[in-house]
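Step one of this worksheet: look at the structure below.
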């Protein structure tokens, strides 16, 4: 039945779950006063670690992991050399991205994230995976100018929040490039990747959690957020991963880019209308320039 559903259904599901996760995380960390991004990320990773193992046991969605282990492609050495480094970057990216919700508005965060493809391109070029042409550099300059203009127009600009978001984008770009270099030809699909990455990230987060936030934060989580809402939030993050997996192969790269642009626009509008974020004309102009250049970039 699911295979017969049209592509637009998966696109809508991805936009809805992605937007809901972002708004929920902002609500939990900022509005509910649970100012513990490491703990929230750890809860998500714990849920995903358990969920992927249940999927492996009771469904065929993680068969790729079984296949890799049966053939010996995924052994202790390959796990330590390929999965752990990527998991370390993934964990850092998730924690920093959640921390930023304590400092910046959702709308401004989405505007800054328009720079992500540029960051990925520059890191890929540094690793020798991509070649920079004059046309690409011009498009990259347009995206950078648009993001800079949007940042200039931010009324509640916070330097530490901006720098941490920029660092999160840089780390995520390194992760994506490292995945391409280390796992190319490995044949890992997104769910199998999550099956291996989630426990690694969970272990890293647990080590960070003790000195940074302490394990008593879970009591705060129950008191401030509540177990039912935390469980729903964790389910939603996993649903986002499933939606992302289902979307792969259902639409072209350009359609996915346009869907991402639509999601960002809806998030910015939602942040303004629901969360009360202030958006200036300068920000709208800068973001419009960045988005137009981003679509052009994806067509190359």
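Keep in mind that glycine also has a Cβ here, set from the backbone N, Cα and C atoms.
Sequence annotations record features per position, and here TrEMBL assigns domain 'Sugar phosphate transporter' to 9-292. Per TrEMBL, transmembrane segment is recorded for 36-55, 83-102, 108-129, 136-153, 159-179, 191-210, 230-248, 255-275, 281-297.
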Within-chain partners of the transmembrane segment (36-55) [C-beta distance under 8 Å, separation at least 6 from its ends]: 25, 28-29, 61-62, 91, 94-95, 98-99, 101-102, 191, 194-195, 198-199, 201-202, 205-206, 208-209, 212-213, 217-218, 220-221, 230-231, 233-235, 237-238, 241
Which stretch, 83-102, 108-129, 136-153, 159-179, 230-248, tops the Cβ pairs under 8 Å count with the transmembrane segment (281-297)? 136-153
Applying the under-8 angstroms CB criterion, which one of 83-102, 136-153, 230-248 scores highest with the transmembrane segment (108-129)? 136-153
